[in-house]
There are 2 protein chains.
Amino acid sequence: MAITYELLHTCKQTGARYGILHTPHGDFETPIFMPVGTKATVKTLENQEIKEVSDGLILGNTYHLWLEPGDDIVQLHGGIRGFSKWDGALLTDSGGFQVFSLSDIRKITEEGVEFRHHKSGAKLFMSPEDSIRIQHNLGADIIMSFDECPPFDSPYDYMKQSIDRTIRWAKRGLDAHNHPDTQALFGIVQGGPFIDLRTHCAEELINMDFPGYSIGGLSVGETKEEMYRVLDEVTPILPESKPRYLMGVGTPDDIIEGVIRGIDMFDCVNPTRMARHGSAMTSQGRIPIKNKIYEKDLSPLDTECDCKVCTTYTKSYLRHLFKSEEYLGPRLISYHNLYFLKNLMKNIRNAIQNDQLGDFKANFFSKYYK
Amino acid sequence: MAITYELLHTCKQTGARYGILHTPHGDFETPIFMPVGTKATVKTLENQEIKEVSDGLILGNTYHLWLEPGDDIVQLHGGIRGFSKWDGALLTDSGGFQVFSLSDIRKITEEGVEFRHHKSGAKLFMSPEDSIRIQHNLGADIIMSFDECPPFDSPYDYMKQSIDRTIRWAKRGLDAHNHPDTQALFGIVQGGPFIDLRTHCAEELINMDFPGYSIGGLSVGETKEEMYRVLDEVTPILPESKPRYLMGVGTPDDIIEGVIRGIDMFDCVNPTRMARHGSAMTSQGRIPIKNKIYEKDLSPLDTECDCKVCTTYTKSYLRHLFKSEEYLGPRLISYHNLYFLKNLMKNIRNAIQNDQLGDFKANFFSKYYK
């Protein structure tokens with residue numbers, strides 16, 4: 001078994017889970033946030049910094065690395081770890097989300113998906129077996145089943161047809177997966193807003209006994225209430241002994257609400273994408289650093305943060321870097337934002353262990369969304 | 001006296017100088033190369049990295065910092081050092097070069113230069129006293145006289161008139177300079193290709209007894225032979241006991257030829273600018289990393305280099321970063337290029353001390369320009 005999960009404590013105030021995820025490249029306390037290194041680089045940062053601002057488990061994107069530089073080239077290096085020289089643990093998605101979100105023209109058949117390259121327009125095809133093969137080449141510790149990720153507002157009939165195919169694709173991926181001792185393949189629960197479809201999908205995947213379960217098709221434009229409602233219904237169905245990964249979710253409120261609903265793993269490009277636009281996550285909420293009010297502000301981004309950016313630079317200097325379009329600006333804010341989330345996750349885990357996550361949430365929200 | 005220079009050895013093979021530059025923020029072996037941090041950041045790098053790839057003395061640009069964020073804001077932080085948190089030594093130029101190279105519309109009077117902002121078009125004015133005042137606010141250890149930098153092919157009569165004004169401006173700067181114990185003001189020798197004008201300018205500046213002398217108006221489009229000819233004639237006039245700074249020069253061949261002609265200090269944006277375009281400086285010459293031949297090349301950029309980039313990453317990965325337009329690409333090549341120059345300077349200093357700079361040059365060129 002490539003990974004195992006140990007549930008160590010359940011918060012008496014909220015029901016949130018504290019546990020340990022054991023992987024071939026380290027043991028990780030959960031709930032955990034995983035920074036995204038789409039193209040084998042967490043944008044702007046180097047490995048030493050990624051270690052400082054993560055818990056040691058990061059994401060790579062199968063779709064992007066398959067197209068550029070090609071999984072064959074990554075595999076020449078022995079996988080993403082040899083390619084980018086990241087020596088922590090890794091998770092890759094299946095490519096499914098990008099196939100459906102980035103390419104306009106596509107044809108879905110039982111066999112797989114035919115689509116066009118999101119830049120060149122070249123005709124491409126990906127099957128569940130292709131996704132697993134590519135993920136073998138990329139070599140992450142945790143890999144994902146190839147799924148269809150339909151729009152949240154798809155009609156019931158389409159969604160039903162889609163999850164049935166996603167279930168069949170999950171089985172095909174499982175059959176194609178021949179590295180179960182070094183790579184843990186997760187099943188992905190789809191079904192949009194429809195609880196009966198979500199439930200059916202989850203039950204079918206649980207019957208296949210995956211080492212972990214992902215919840216996909218959320219944070220795709222639906223309201224937060226809809227997302228939380230789906231989580232309320234779906235996570236209780238998932239086995240207690242397996243990790244649960246809420247894909248693509250990474251705002252502080254969604255993380256806290258997800259944890260309260262039993263989620264163990266999160267990822268999102270948001271902290272680094274926001275950073276590139278000059279938006280910093282702080283204990284007092286978002287700071288748009290380009291704003292003129294920070295021109296002569298000699299205080300740090302976040303007085304409660306002990307990261308190297310907050311203990312070194314002034315808002316005035318950070319604003320200057322953005323106004324001057326200097327590379328260092330996005331780099332420093334990316335570092336801070338990820339550190340902020342790492343710290344948030346640590347605080348969340350402590351609160352769970354102390355049975356105080358409800359109090360922590362109220363206190364955090366009162367400052368972050370004041 | 002803010003700085004002093006000790007000449008410790010003259011290479012018997014070439015006449016090149018090895019010495020020590022004592023500054024308020026450290027003592028530096030010369031010849032030295034100074035990375036350029038135009039807007040209070042050496043592009044893409046953070047202070048710890050700049051320490052690793054420099055000898056501890058870097059440049060800031062007066063013109064750029066005056067306009068953005070404004071020297072008042074830098075001064076609020078106690079100067080560039082407080083602004084960017086660089087704790088090494090610093091040199092600023094006078095702004096003169098940028099006034100003449102970046103702005104099209106200008107009117108030069110005895111008082112100073114009227115010109116338009118290179119982006120906004122706003123009308124601006126800079127006098128020698130302004131330049132010194134701004135450089136006081138920026139707070140570098142070594143500062144420059146405000147000079148006119150006419151095109152190298154300006155007619156003799158114009159050049160004569162220009163250097164006479166530059167000499168008068170140097171005197172005015174000296175009179176305005178009231179921090180001589182913490183900031184060393186250098187005079188700048190101009191005169192284009194005309195040796196009699198260069199000589200006259202140098203002699204007048206020497207009479208004012210600056211703590212160091214810069215040679216300006218070179219590497220501005222003239223041939224290398226013309227540059228070397230000017231250096232051949234001008235450096236012998238300069239006092240042995242003062243440092244000599246060849247402004248804006250930073251290719252390996254120009255550095256070696258400059259050192260042989262008695263130059264102690266160099267700066268250039270070239271290593272970091274080249275890096276942002278994917279061009280790496282290596283012991284075997286330039287490597288255009290985006291080239292397809294590096295697609296599957298698992299070797300380091302430079303097998304003779306022990307920098308963290310060369311001891312960690314493959315050419316294939318570096319190429320991927322550039323093809324994917326990832327921030328990390330320019331960052332890693334900037335680091336390597338500056339490290340390459342730092343290492344070159346160390347080798348040059350060793351060669352001078354061993355009276356073997358001629359041999360070193362022949363050996364270096366045989367590989368770099370093979």
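In case you wondered, yes, glycine gets a Cβ from its N, Cα and C as well.
Bear in mind that TrEMBL entries carry predicted annotations, made automatically and left uncurated.
Among B:HIS277, B:HIS336, the residue that TrEMBL places alongside B:CYS305, B:CYS307, B:CYS310 at the Zn(2+) binding site is B:HIS336. Within B:ASP55, B:ASP147, B:ASP153, the residue that TrEMBL lists together with B:ASP93, B:SER94, B:GLY95, B:GLY96, B:PHE97, B:GLN190, B:GLY217 for binding substrate is B:ASP147. Residue ranges B:24-30, B:178-184, B:248-254 are listed, and TrEMBL annotates B:248-254 among them as region 'RNA binding'. Counting in whole angstrom, B:CYS310 (Zn(2+) binding site) lies 36 from B:SER94 (substrate binding site) by their C-alpha atoms. DSSP classifies B:ASP267 (active site, nucleophile) as strand under the three-state reduction. Non-local neighbours of the region 'RNA binding' (B:248-254) in the same chain are 33, 97, 216, 218-220, 224, 227, 266-271, 281, 341, 344, 364-365, 368-369; each lies 6+ residues outside the stretch with a CB under 8 Å from one of its CB atoms. Looking only at the recorded positions B:ASP93, B:ASP267, B:CYS305, B:CYS307, B:HIS336, the one with its C-alpha closest to B:GLN190 (substrate binding site) is B:ASP93.
The Zn(2+) site is defined by B:CYS305, B:CYS307, B:CYS310, B:HIS336, and by the 8 Å test on Cβ atoms against their centroid, the other residues of the chain that qualify are B:PRO300, B:LEU301, B:ASP302, B:ASP306, B:LYS308, B:VAL309, B:THR311, B:TYR335, B:TYR339, B:PHE340.
Of the chain residues outside the substrate site list B:ASP93, B:SER94, B:GLY95, B:GLY96, B:PHE97, B:ASP147, B:GLN190, B:GLY217, B:VAL99, B:PHE100, B:MET144, B:SER145, B:PHE146, B:GLU148, B:CYS149, B:ILE188, B:GLY216, B:MET247 have their Cβ within 8 Å of the site's Cβ mean position.
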